[in-house]
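**Q** Below: one structure in structure tokens.
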Amino acid sequence: MSDRFDPARADIRWQAAWDEAQCFRADDNSPKPRSYVLEMFPYPSGRIHIGHVRNYTMGDVLARYKRMRGHEVLHPMGWDAFGMPAENAAMGKGVHPGGWTRENIANMKAQLKRLGFALDWSREIATCEPEYYGHEQALFLDLYEHGLVYRKESAVNWDPVDQTVLANEQVIDGRGWRSGALVERRKLSQWFLKITDFADELLEGLGSLDKWPEKVRTMQENWIGKSQGMQFRFDLSNGEQLEVYTTRPDTIFGASFVAVAADHPVAQSVAMTNCDAAKFIDLCKQGGTTAAELETAEKLGFDTGIGAKHPITGEYLPVFIANFVLMDYGTGAIMAVPGHDQRDFEFATKYGLPISRVIAASADEAGKPFDGEAEAGDGICVNSGFIDGMPVAEGKAAVIARAEAEGWGEGKTVWRLRDWGVSRQRYWGTPIPFIHCEVCGVVPVPKKSLPVTLPEDVDFSVPGNPLARHPTWKHADCPQCGKPARRETDTLDTFVDSSWYFLRFASQPDDKPFDPAQIAKWLPVEQYIGGIEHAILHLLYARFWTRALARIGKIEVKEPFGSLFTQGMVTHETYTINRPPTEEEKRVFGWTDEAAHESITQYLSPNEIERRGEQVFEKATGRPVKVGRVIKMSKSKKNVVDPDEIVATYGADAIRWFMLSDSPPERDLPWSEAGIEGCARFVQRLWRLFGQFDASAEGEDKAVDRKAHQTVAAVAEDIESLGFNKAVARIYELAGVIEKAAPSASRSEAIRKLLLLVSPMMPHLAEEAYATFGEGLVANAMWPEVDPSLLVEDEVTIAIQVNGKLRDTEVVAKGLDKGSLEAVAVANAKVQAILSGATPKKVIVVPDRLVNIVA
RNA sequence: GCGGACGUGGCGGAAUGGUAGACGCAGCGGACUUAAAAUCCGCUUGGGUAUCCCAGUGCGGGUUCGAGUCCCGCCGUCCGCACCA
């Protein structure tokens, strides 16, 4: 065995050996217990990001570990290959989205291979290939046949200059990212999936997901947003009725005005005759469509002059059109209670409307003024007629009961969850398989004609949807009447692609999306791993899609992901230097010489800096560099590192080890050059240790045996709970113990165990060393057995406290009874010194842990 | 704005309500070496009148024999918000 482990040679050698032996190919017919380990598949942006390395290393360790425990493991990989970046590349660089994407996939696949992941590449899928999206179209038609797909009008961000629909991320401060034009909300007829039909199920289902993080379940619960409230009607002064919904019927006596959304029919009809109202509605249409934008915008309103008769007091309340009322939630109209809703409070303050208290902590506080903000909390009803004195919950029920008795309203459950709009006015996505016929209306493409494929010859020289302006593609004959008709030119949201890919991984027949029998065998995914940023949308859509397929009888499984883990981001320091502006910049930005002394802050990449002791300098110029905050790696801040370069310098095992070390996997992991060097040193340290394996060594070393068995048991637990950083710490400890131990059979056996323990984490090093043992591939080895009798210690160190403060420790036999422990503690010299003859008031004894003497 | 999380040495972190700082990184000292690298050994929360004592887990309160952990109120940071993936 050579003294140094050479990753450059070993990585390639063992990756080839695994390929050759097809170690990681999942056998659909295996009799072994199954484990489906899945990491969220990547968008093929071109290069693997270090965050991917972290994600896939975690999954890989688990997959390899499960194999060692005798499981048949499905660990697949694919590409979420549709989406905007490919179109942006097409517009920016003049390349075809398909060519660009496929090239990226080839590059990233090679990068993943260099990291030595135990993936079943025979099941690789790319969502942009007709072999995948054709099946998606078929599933979409199945949902359509079962009434789960429909069309309705919905708002999009419209760029009036580029004449195109913008994604939310393309709207910056209310303006289009390319044109700079003020964005408008415009309505288009679009395709929707009836996720709201499943709102109850999706909410209920969360209860069974006990292996999901609590926070993700809470976020989904809030997102679905079930609320029980009251829907009721105001009689308007113009003779019409206005239906409103409220979650707080208990505050009805505090209503001081009524507000409707800008696109509410009442607002529209006012606008017909009142041009100020029409102008106001136009004003409301400015800006983007995101909730954050709508809710942080200044509260604006327009008094329609209409009065709404309060159903209990009979008083007339003014009706406003308000920009903070959402048409999509409830009825698009609200009763506003400024005292107990912050938005209403701000609005009332601005427009001088009454703010009255109807909830208070107690009856005596009925007259208490507000402290500059609404009070949304609990309490009892005050100034509220027949519900005075009732707690909030009781007040709600009483008001609903009265409304129902008098016929002007009723209790109603309302969901925050909206139906899923899947139409995208873009090229690089799954074509929606429908045809618009003037005679027959909207007609599905017959399944035998699937897939509807994207045309290759498209023009990205102007903004907008290339499908819509393609000269021939959209012309198709109506499948029903045969007359010339028009193809749907919208494509599907890419979240649809990622809502069923885990099913296709488990089974991929040519003639249908999947084989239900195989789905039943592999699903649910035993462990799903990905970023927290997918906590709501992707995970909710995938749950919905799975349930929808179950409801229409395509599969049995209802929840796709049995256990979910959300990993943290990889972060890095930022480096900046200040430099004076160039002549060019002075000219372009119009800086005068006086202003030009203000220097420009420029980011540097980790490659462009060097450390000399504590200080950091720019390599090229030697100027001092300012070290900034540790933040998420991003291209704009240049604080990125390239996994390929790391692998080339330190080897795959070192970067894998770094990804698992130190930070708990759910938290952020700060990348550091020093850290990766430490990992590379540990790889070599293990190599030297493995080289000391001596099958002929004799003699027993109980302490080493004990440590080895304890570590095997603990690391197994840590891996199963994805506590990789804890497993890493234990492996360091075991390595330290073995290094200090004298040669013995126990020591050699401990070295063998250590090798097996690290093999899921550093598979190349482990193979290289295991090869010298002559026992085949470690990838096919079994996890070491644990002797339970070696797990327990016979002595323990207990803490001796006086008044909860540590004063000493004592080593005692494990399991010593309370009385003896108390005697040991009281006899302790330091305790005696502190007590100085006094009798303890009380003694608390926790066996094997501590004794606390209360003096 | 709404929803969700997080906060412990110089840094990443460990700690079923029971010895705070395991383990790693960085740093310092030493051994080996002509020298360097590599490797090995030791030290490393702060303060003090230093074999000992005091303080200490973002801040302020509380529960408890005992709180990093539980409760209440702040402060700070991060993530999501439906057309980024």
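Backbone N, Cα and C define each Cβ position, glycine as well.
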**Q** Motif ''HIGH' region' per TrEMBL: which of the ranges A:42-52, A:97-107, A:339-349, A:581-591 is that?
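**A** In TrEMBL, residues A:42-52 carry the label motif ''HIGH' region'.
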**Q** Name the residue range among A:67-71, A:227-231, A:632-636 that TrEMBL annotates as motif ''KMSKS' region'.
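**A** The range carrying the motif ''KMSKS' region' annotation in TrEMBL is A:632-636.
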**Q** What is the average pLDDT across the domain 'Methionyl/Leucyl tRNA synthetase' (A:40-171)?
**A** 93
**Q** Tell me, how many other CB atoms lie within 10 A of the CB of A:LYS635 (ATP binding site), whichever protein chain they belong to?
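**A** If we count other Cβ atoms within 10 Å of A:LYS635 (ATP binding site), we arrive at 10.
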**Q** Let's see if you can do this one: DSSP helix, strand and coil counts over the motif ''KMSKS' region' (A:632-636), in that order.
**A** 2 helix, 1 strand, 2 coil
